[in-house]
Amino acid sequence: MDRSSLLQLIQEQQLDPDNTGFIGADTFTGLVHSHELPLDPAKLDMLVALAQSNERGQVCYQELVDLISSKRSSSFKHAIANGQRALPRDGLLDEPGLGVYKRFVRYVAYEILPREVDRHWYFYRHRSCPPPVFMASVTLAQIVVFLCYGARLNKWVLQTYHPEYMRSPLVYHPGHRARAWRFLTYMFMHVGLEQLGFNALLQLMIGVPLEMVHGLLRISLLYLAGVLAGSLTVSITDMRAPVVGGSGGVYALCSAHLANVVMNWAGMRCPYKLLRMVLALVCMSSEVGRAVWLRFSPPLPASGPQPSFMAHLAGAVVGVSMGLTILRSYEERLRDQCGWWVVLLAYGTFLLFAIFWNIFAYDLLGAHIPPPP
C-alpha cells in the first residue's frame, strides 16, 4: 500500500472531516480490516502505540502517512516509546514455525536492536533483497588482494617486511600523500594472515548484521569514515609511518556496536552479552597491542618504519561518535537530528584540518619521512 493510495482512501472515507490533523486509531483499524488492506502486523502495533501515546486515542495524520510509507522521525520514536509498554504482541522469541532464514533475521534483530518495538518493525518489514553486499564485497576484495600478494611475495605473515610490499599502489605511505586514493585503498592490504583473519571475522560477524538492519548507505558511510579517519590520523600523529589494513573501519563498526549495547544494556536481549562484551574488548585490545609491538619493536629487520596503530584508535573514536548516532537512529531520518549535524561538523572540521596539515605541516616542521619505495 503506497502513500498515494492511502491518501486517496482517507479522502474518500472522510476520516478527518474537520481537518484537525488527527485520525481516530479505531476508525483507521476498522478501515484496514473492512477493505482487507495489506498492512504489516508490526505497523498495526505501531498504530496502537501511537494512539496510546495520545490523550484522545488519535493518530497524527502525518505520522500515519509516515508509518505507511515506512518513515520514522524523532517525534515518531518519542510517541512509540510512550506507548510501548502496552503493545499487544508477544516477543519475537515466541514466534512459531519460522524457517531458517527468518530465524536468522530474528537473531539479527535481537543482536542489534535494543527495543522490542524496533525488533518487531525490523522482523516484519525485512526483505532479503537487497542483501548486505557492502561488507561481503569488502571482505571478499580484501581476501583476494591478500591471496594475490601472498602468492606473489611467497609470504603469508608479516608481509610488510618484504621490500616489494610497500611498492603496492594501495598502501598509504607518507611519501605518497599526493596520491589521495591511498588514504582509502590501504584498507585492502594487510600485514599478514592474522590481521586479515581478525578483521574479516569482525566484518562478517558484526558488519553484516549491522548492514542488514541499518542499510548499506549508513554502514558503508560509517566504515569508510573510520578508514579515512585512520589514515588521516596517522598522517598527523605518526608522520613517518605507513598504514595498511581495514582496522579503522572495523573498529568504527565494533566500537559503535559495543557502545550501543552498553547504553541500552537493559533492553539488549542477546545471550551472554557480558561475556561477549569482555571477549570483544580483550580481542580488540590485543590487536591494538600487537600493532603497537610491531610498530616500535619489529621482530625482523625492516627498511623503514612499520605500519602505525593509530588507525585503530581513530576508528574507535569515529564509532563512538558518528557510529553511535547512526545506530541509535534506526529507521529515523538523520537529517532531522541536531546531534547528527554536530557529528558531521566535527568530522568535517577534522578533515579540513588534516588536509591542510598534509599540505603544509610536513615542510614547516621539517619532518624526515622515509623515501617512498
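Note: Cβ is positioned from N, Cα and C throughout, glycine not excepted.
Marked as domain 'Peptidase S54 rhomboid' by TrEMBL: 179-328.
Here TrEMBL flags 133-152 (among others) as transmembrane segment.
The transmembrane segment feature in TrEMBL is assigned to 183-204 (among others). Within its own chain, the transmembrane segment (183-204) is flanked in space by residues 135-136, 138-139, 141-143, 145-146, 149-150, 156-160, 165, 168-172, 224, 227-228, 231-232, 242-250, 253-254, 283, 287, 290, 294, 307, which lie at least six positions past its ends and keep a Cβ under 8 Å from the stretch.
Among the features that TrEMBL reports, transmembrane segment is placed at 216-236 (among others).
Sequence annotations record features per position, and here TrEMBL assigns transmembrane segment to 248-267 (among others).
The feature transmembrane segment is assigned by TrEMBL to 274-296 (among others). Same-chain residues lying 6+ beyond the ends of the transmembrane segment (274-296) with a Cβ under 8 Å from its Cβ atoms: 158, 191, 194-195, 198, 238, 241, 247, 251, 254, 258, 261-262, 305-309, 312-313.
Feature annotation from TrEMBL assigns transmembrane segment to 308-327 (among others). Away from its own ends, the transmembrane segment (308-327) comes close to residues 112, 210, 214, 218-219, 221-222, 225-227, 229-234, 237-238, 241-243, 245, 247-257, 259-260, 263, 284, 287-288, 291-292, 295, 334, 337, 339-340, 343-344, 346-347 of its chain (Cβ-Cβ under 8 Å, at least six residues beyond either end).
Look at TrEMBL and you will find 339-360 (among others) tagged as transmembrane segment.
Mean pLDDT for the domain 'Peptidase S54 rhomboid' (179-328) in this predicted model: 93. Listed by sequence, the residues of this chain that lie at least six past the ends of the transmembrane segment (248-267) yet keep a Cβ under 8 A from its Cβ atoms are 112, 114-116, 138, 187, 199, 202-203, 206-207, 210, 219, 222-231, 273, 277, 280-281, 284, 311-320, 322-324, 326-328. Here the transmembrane segment (133-152) has long-range neighbours at 159, 164-165, 168, 170, 187-190, 193, 196, 199-200, 203-204, 207-208, 210-211, 216, 219-220, 223, 246, 249, meaning same-chain residues at least 6 beyond its ends whose C-beta is under 8 angstroms from one of its own. Shown for the domain 'Peptidase S54 rhomboid' (179-328): DSSP residue counts in helix, strand and coil, namely 110 helix, 1 strand, 39 coil.
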